[in-house]
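What follows is a set of notes on a single structure, which appears directly below.
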Amino acid sequence: MGGVEDDEPASKRMKLSSEALIHLSNGSTVKESIVGSSRDLMARPPQSDGGEEVVGSKGVIKKVEFVRIIAKALYSLGYIRSGAHLEEESGIALHSSIINVFIRQVLEGDWDESVATLHNIGLTDEMIIKSASFLILEQKFFEFLDEEKVMDALKTLRTEISPLCINHGRVRELSLSIVSPSHCFTVRSPKQNTSRARSRTKLLEELQKLLPPTVMIPERRLEHLVEQALGLQRDACMFHNSLDEEISLFADHQCARDQIPSYALQILPAHTDEIWFLQFSHNGKYLASSSHDCSAIIWEVDANGISLKHKLSGHQKPVSSVSWSPDDHQLLTCGVEEVVRRWDAPSGECLSVYEKAGLGMVSCGWSPDGKWIFSGVNDKSISLWELDGRELECWKGQHTLKISDLEITSDGKQIISICRETAILLLDREAKVERFIEEDQTITSFSLSRDNRFLLVNLLNQEIHLWSIEDDLKLVSKYRGHKRTRFIIRSCFGGLEQAFVASGSEDSLVYIWHRGTGELIEALPGHSGAVNCVSWNPTNPHMLASASDDRTIRIWGLNNLSAKQKDTHGNGIHYCNGGT
C-alpha cells in the first residue's frame, strides 16, 4: 500500500490534523482517514519556503514554530476552519504526515499499527518509545476486558506489555484486574474510566506529554507562553497589588503607585498608652491590638471601616502580643512575663488562663487545628497546652528568650522561636530535629510568611533579613532604611501574594519595600511616635494597619477610598481624609 508523502499539498495534510484535533476536543470519530501503512514513513519537521525565517524584532522567533503554535491554538479553541486555512495559506503543517497517521491510528484503536508507527517516528530515546508503547498497549488491554475478551487481554499483557520490562508495579496491577474484575475499576486511571472515544482522546493527550514538543506541540502551548509573559510583567511591576484579571493583553503591564495603601483612612485612638502589637485575623474581618495599658482590643472590619468591638481587660501587666485561632473565633493575649489568656472573639469573654507557678509567659501561638496552644516561658522553655489549661508537653533548654516571638507552621510540625540573641530555632516536633538561623547581629523580632517558606528577621543594626526556610536555610534579601535604636520594631509580609514587606520605625514612619527587588517604595508619615508594629490585611491587599507609641492605630488604604470617608468622631474612631 502506498505511504503518505510529505510533499502532499498542505490542504490535504491539514484535513486529517483538523479532524484529529476535533477528537481532542470532543471525542468524535475520524471522518477523513488516510489509507496506507506507516512503516516506511519517518517524521520530519514540516517544511516551509521560509526555512529558518524568523519573525519579531529580536530575531529569535522561528516562523515555522510560531505558525504551528498559532495553528495549534486555533484548533484547541475550536476554530477548525481557521486553523486549516492557516496551514494551507502558510504552507506550514501543524503535524508531519507520519504524526497525522499516528493520531488517526490511536483514535481508531489500531493498536498494533500505532506501536509500529511510533517506532518509525524517529525518536532517539528508547525509554520514551517504551513508555509510549506501554500506554498504548495498556489501552488495548482494557478495551479487550471491556469486550470480555479475557484471553486476548491476557495475551496482550504477557506477550506485549511485560516484555517492555518497565513499570513492573503497574504490570502487577493489570494482572490483578484479570484475576479480580472488581479490581479493574480501581486500577484504571481517570482517562480509562470514561467512554471509549473519550478515553482514547485522553490517551492521545498522555502520549503528547511523552513525545518531544517538536513532534507534537503540547496542549495549550500558546496560552502557557502568554501566561508566562504576563507573569513576568507582573513580577517586574514594582507596584503590582491588584488582581490578575486586571492585566490586559493589549498593553504592557505597569501599575501606578496608587495601588499601595499609603493614605491614612482612619485613626483608632482607643488605647491609653503605647501600642506594641497588632494583627489582622486570617479572614481579614477583625483586627486585634495590645498595649502597655494592660489591655487588648478587638476591632471589627467592614465596608464602612473599622470599629471597636471589645476591649479585653484582665491582664495585670502590659500585653506584649496577640494570636488569632485558625478559625478566628478565639484570641490569645500574652502579658509581659505574666499569663496567657484565651478570649471568645464574638463575646469578648475570657475563656481560660494559662500560667505556671513562679514563671511568666513571653509568647503565644496556636496549633493549626486549634486544639492546642503553645507558649514561650521566661525559663527559656516552650510549653504545649490543652485548651482547658492542662500542660501536655514542655521543651526545656535554650528554646526561647524573655522577649521572643513564637510561630508554628501550618502543618504543625515546626515551632519557631528566638532561642539566643543572634539565633532563631526551628524545632521539628516529629523528627526531633533542630535547625538554626544564625545572624551576626541581635535579633529583635521575626515574622513567618503565609506559605511557611520564608521568615522576616528584624535586627539590631536597622536591617531586615529575608530567609528561605523551606529546605536549606538561606539568606535571600535585605531591607534597609527604617530606624531602630532602642525599641522592638516589627515587620510583616503583605499585599497581593505577599509581594511587599512593611515595617515600623522609630522615626514615626511606616516603611514599605518591594519584596522581590528590596527597593524601598514608600515611607509613610503620620504617626507622632515610634511605630512598633504593622499588619497587612491578608484578604485585602489595599489595607495596612500600624501601631505606635502615640497611642493610635492608623489604617492605611488607597486614595480613592479616602474620599468616601468624612471627618467624624464616634466609637473611639477618627476618620481622616488622607492627611497626617
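The backbone N, Cα and C atoms fix where each Cβ goes, and this holds for glycine too.
It should be emphasised that the depicted structure is a prediction, and the values quoted were computed from it without experimental measurement.
Per TrEMBL, domain 'CTLH' is recorded for 95-152.
Using a Cβ-Cβ cut-off under 8 Å and counting only residues 6 or more beyond its ends in the same chain, the repeat 'WD' (268-302) has close neighbours at 308-313, 315-324, 326, 328, 331, 333, 335, 343, 345, 348, 488, 490, 529, 532-540, 543, 545-549, 551-555, 572-574. Summarising the annotation, TrEMBL assigns repeat 'WD' to 268-302 (among others).
If you look up TrEMBL, you'll see 312-353 (among others) marked as repeat 'WD'. Summarised as a single figure, the pLDDT of the repeat 'WD' (312-353) averages 96.
Tertiary neighbourhood of the repeat 'WD' (366-388): same-chain residues 323-327, 330, 332, 334, 337, 340, 342, 351-352, 354, 356, 359-360, 394-402, 404, 406, 408-412, 415, 417, 419, 427, selected by CB-CB distance under 8 Å and a gap of 6+ residues from either end. Among the features that TrEMBL reports, repeat 'WD' is placed at 366-388 (among others).
Residues or ranges marked as repeat 'WD' by TrEMBL: 524-566 (among others). Taking Cβ pairs closer than 8 Å, the repeat 'WD' (524-566) reaches residues 241-242, 258-259, 261-269, 271-280, 282-284, 287, 289, 291, 299, 301, 305-306, 450, 487-496, 498, 500, 502-512, 575-578, 580 in its own chain, all 6 or more past its ends.
With a threshold of 8 Å between CB atoms, the same-chain residues lying at least 6 positions outside the repeat 'WD' (312-353) that come near it are 273, 276-279, 281-283, 285-286, 288-298, 360-366, 368-370, 373, 375, 378, 387-389, 402-403, 405.
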